[in-house]
Amino acid sequence: MIGTRITAIGTYVPEKKLTNFDLEKMVDTNNDWIIQRTGIKERRIARPDEFTSDLCISAVKDLMQRYNKNLDDVDMIIVATSTPDFPFPSVASIIQENLGIKEAGAIDLSAACAGFVYALHTAHSYIAAGLHKKVLVIGADALSKITDYTDRSTCIIFGDGAGAVLVEKDESSKSFIGFHLGSDGSGAQHVYRIGLSKKVNDTELLDTQYLVQNGREVFRWVVRNVPDNIRKMFKKTKTSLNDVDWFIPHSANLRLIEPICEKLDYPMGKTLYSLVNFGNTSAATIPLALDLGIREGKVKNGDRVLMYGFGSGLVHAGQLLEVNFDEVKNESRFL
Ligand SMILES: CC(C)(COP(=O)(O)OP(=O)(O)OC[C@H]1O[C@@H](n2cnc3c(N)ncnc32)[C@H](O)[C@@H]1OP(=O)(O)O)[C@@H](O)C(=O)NCCC(=O)NCCS
């Protein structure tokens, strides 16, 4: 298998903050309830004229500037998102043109909140098989565009953001240690946005343009399944929690991360999440949390990081990774 490594990372969140106190004025909720049930304090909201492709481009520009990276020879672009600017064309093709990348394949990947890990796995597979050399992977969502701000059960949770990484061939690297993927379509009706069909698993779906979720069911499924699947990944790859310096679960909700850590007997202090200031940004939560960890001086080259995404589908994906980024050339502001 050909060696593969993440060489650079960049992130972006929109300027506008939506705090719990702002939400108190919009729906029947309060700061204490939101903090107690989710751990979220505020989220970022894209401008009306700012879409997922714009968030992606800003995250990639952050990556290029920090690591002095030239992306002319990127040969594949993968964007994980549930909120593309259009059903088609893809976000990946929009950013390919905008970034002036000439000879690259471009695809969007649909795996909801597990999308970034699926995209990373895809990039690794392409490179390990010798088919590609330099893959740009982005997890980005503008969930505010599909959130009903009169529904207090969802509008308190979601926010907008993007995270980009460059995955490159590196013969000497053994960075990608192990992975685990899965899907349980029997729960497809628990988180969705209506499409051409209005029915799944014989369940009639709500006919609304907004994201719909049964928070309780998702909560139950995650706590029941994610720790077991993480254990399966360890078994398959002959690794254990002792090999994990930092755990980065999808930042859905702090009250969801706590029981996962409890069931795994893994310390919350070694767990990274991006939800406190950014909310649940779906495909962006994991790269945002990783970048926060890097910028706070927690995650260092040589550390082993376990990412685990889960969400609508219901799908899940994990990746155990030894991080070894290139040296940062220019620090940039992180909002
Ligand atoms: C959404 C979520 C925070 C709701 O928390 P919960 O503890 O399950 O809350 P419930 O929906 O059972 O509601 C409990 C009570 O709080 C009320 N409530 C719901 N939202 C509220 C809000 N924003 N503010 C105040 N009260 C609220 C409910 O009406 C209910 O009141 P009742 O007992 O009088 O009927 C939680 O279920 C969750 O995070 N689930 C996972 C969702 C997720 O991560 N989705 C992303 C997919 S990856």
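All positions are counted from 1 along the displayed chain.
Cβ atoms are placed via backbone N, Cα and C, with glycine included.
Between the listed ranges 51-55, 196-200, 251-255, TrEMBL ties the annotation region 'ACP-binding' to 251-255. Shown are the active-site residues Cys113, His250, Asn280; of these, the residue with the fewest other Cβ atoms within 10 Å is Asn280. Residues in the region 'ACP-binding' (251-255) partition by DSSP class (helix H, G, I; strand E, B; coil) as 2 helix, 0 strand, 3 coil.
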